[in-house]
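Visitor: The structure's right below; bear with me while I get my questions together.
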């Protein structure tokens, strides 16, 4: 046990911040979501109209789906890619330190700059991708990647998937903590590198997977820069996500109530997704008897 | 010792907080002393990378010199126009309106006027100042007897065409009707010339310009009037033609932003573009010699007069209500200077910006303005009637949907009639 | 086999970095060159774009603003998080509920709070000030920092603080002398995550500032693209000027940064 004053002293600052930046905003957002309000003039109580409007808006449904697809992109592509890079670098090939530095570099530069840069990389005439395809004689595959209904969604996630440096470092951290004896034992048994990775390394970095999932979930749920700067949500709302939907409703359409109704739904989606992840990880832990 | 530690921690926290507070306090206007100049903070989106931005700086510097020691105007630049517009709204919402700002007037969105936060200029509008403006402009911006916005810019959005490319395709004059227009497009395309620059990203500006011209040619100048349904046969026909127009545009038109679209024209890749006078600064001298400017084509049995034009909306200046009478007067004085003959001349000739205040230019000055601007002034000046661009007059919710609706139509998610119906629904 | 792996690594580096090389080359071109031949080398390598940007835009101010915002927000969040995490190493009533309150925010996509944050910052009088943004970032990052630091502190053997207690050290002394130094790696890890997040954030930096004096790098980069609407090479030059300092700092500290992440072992 510890004296109450100590608890108050140490805990209060963080609690005050949490109240200010999480609890109060939640209440405030809930209040605004029930109003019809353009941000300047008087609020008019609107009951659940904003929620009705949001649920009947096909663009909002699209935004929810796309947000979930961002999460899927993180879990199915970004994190495995980061893991692959980590496994390759963990074997310490020639120049691995340089690669490690280079792979993390884009993460510290600027998401804004990267998003804009990739707008150009994927541009139909000026873009690197189409011009390389043409050089290789695959000009038929060239297309306006970000303006094509079929490719826009994947194309605007591409920079996020590729720049997996931070995710990689989290894995590397965990891999470097694996006792060397384990690997040596496996070597004596005659295991190949891939077998070692599959049977020893990957099971041991499971907690790093969970950390990466949580970090990237948080990132994907509040994803905003890539859709805004690369596609603006287009073509025909194909790439709108919840962050952009809220932003557009607030900033362009001036419907603060609708924006916050969507905001509350975003929080609900976030809670469901993260809750599911944590529950799954608990179940798996228990099954493995950890 | 224990107590001391906790105090140190508390102190550290307090210092951090206080440091922030004091930084903020410094920003509060100090109580004015008689010899301190009145400071007026003017918001603008015109950065000094643009001609108009440099002209505005010149104008403000001139004014500051003339009033040295009494008034000091400083310009705060936010080059992202939509972002700037929202900033102003949120500042008004927080009851801290900026000293001076300009905005896109929208009769469907009077939130700024109704906020009660804006300075009413009408007591200062004496005969002399009033004579600087067209009466209908003043009237359009007056609400409940209050004039909270000073008319300033109302630029025409006109057809630019590349005469050299037109000549290559054997076209002598700019088409007078939309049928001729599409015939000309076909001719250009046959010669391997892309007829027109269009775009759909952001506000879909060049495409909505075309849509406005098409709609107004069919249904006349009141087609977007508040309270009137947009779901008319004329609008549907306009949407159909817009869709057709995209087949005469670049292959990157869908998804292109303003820069991509305007660069196509500036580099001679496309033969036409519909844009305001601000584009002129991006065209090099060689190209400028070959540019023609025209008003909109007509349609058979349409309700528009020959020579009608589309304009950007009013972009007037407004000011926040001031506690100090002196500052209020200083703001009014500066606005008078900005709209004076001198001020307008400077902004028109140096900044290539077409203002709604009266200005008569001499032959020589017109020549100095360059071949494109003088044509621009000419075509705008002789237009019998005009209509404001569609994405400036609809309800904000409809404006935010318009670009994606155009894209949806282009991707065959719905036909032009479906697009018009959805647009009308969003405008309710 | 080995060469496939190496080839793969080189390929990945190429995909990651080629766009940046293109950006650098493009920033020396004229607008016409860029659009006519996007991949050609510029006819003559001209610095006009850079000069134009340097003379008209306070790029250094933007950079310093970003530094101030990231550093202040990180320090603030770390201060709050270490204090709270420390007290969680003790048992007290409703401890797990308090933990849930502080960490639960990690589930919340904070851009849902666009409107509330705007008004909170407004009400406490920090609109358009660097401290306002830093405050919001600190608030947003608090759950993650508590999570990382708390988990790290949990790995410190409780015997250490018990020993300190027996030696007569109080709550505060145990914190400053034992726990804080030992949890340094965890704190460093958290700080890197916070710095990277704060450095890259665009939405709130954009929403909460107005004037040039408080513009962060990310907002500035976005504005460059609108300012130079019809002149991308200049926008590119501005972007390069804006990101070069971060690359230099990263190059100098890369070992420390990556080492920090490694040592702190996100657990």
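Keep in mind that glycine also has a Cβ here, set from the backbone N, Cα and C atoms.
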Visitor: What range among C:35-61, C:62-88 does TrEMBL describe as transmembrane segment?
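Guide: Checking TrEMBL against the ranges C:35-61, C:62-88, the transmembrane segment one is C:62-88.
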Visitor: Can you dig out which of the ranges C:100-120, C:205-225 TrEMBL describes as transmembrane segment?
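Guide: Of the candidate stretches, TrEMBL labels C:100-120 as transmembrane segment.
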Visitor: Which is it, of C:126-149, C:150-173, that TrEMBL names as transmembrane segment?
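Guide: Within the set C:126-149, C:150-173, TrEMBL attaches transmembrane segment to C:126-149.
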Visitor: Which range wins on Cβ pairs under 8 Å with the transmembrane segment (C:126-149): C:7-28, C:62-88, C:178-199?
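Guide: Answer is C:62-88, with the largest number of Cβ pairs below 8 Å.
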Visitor: State the residues, same chain only, that lie 6 or more residues beyond the ends of the transmembrane segment (C:62-88) and have a CB under 8 A from a CB inside it; answer 'none' if no residue qualifies.
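Guide: Contacts of the transmembrane segment (C:62-88) (Cβ under 8 Å, skipping residues fewer than 6 from its ends): 95, 98-99, 102, 130-131, 133-139, 141-142, 145-146, 148-150, 152-153, 175, 179-180, 183, 187, 190-191, 194-195, 198-199, 205, 213-220, 242, 245.
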Visitor: Please give the sequence-distant neighbours of the transmembrane segment (C:232-253): residues at least 6 beyond its ends with Cβ less than 8 Å from one of its Cβ atoms.
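Guide: That would be 23-24, 26-31, 33-34, 49-50, 52-54, 57, 59, 62-63, 199, 217, 220-221, 224-225.
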Visitor: In terms of Cβ proximity under 8 Å, which residues at least six beyond the ends of the transmembrane segment (C:178-199) contact it?
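Guide: Distant Cβ neighbours of the transmembrane segment (C:178-199) are 66, 69-71, 73-74, 77-78, 81-82, 85-86, 89, 134, 137, 140-141, 144-145, 148-149, 151-153, 156, 160-161, 164, 169, 217-218, 246, 257, 260-261, 263-266.
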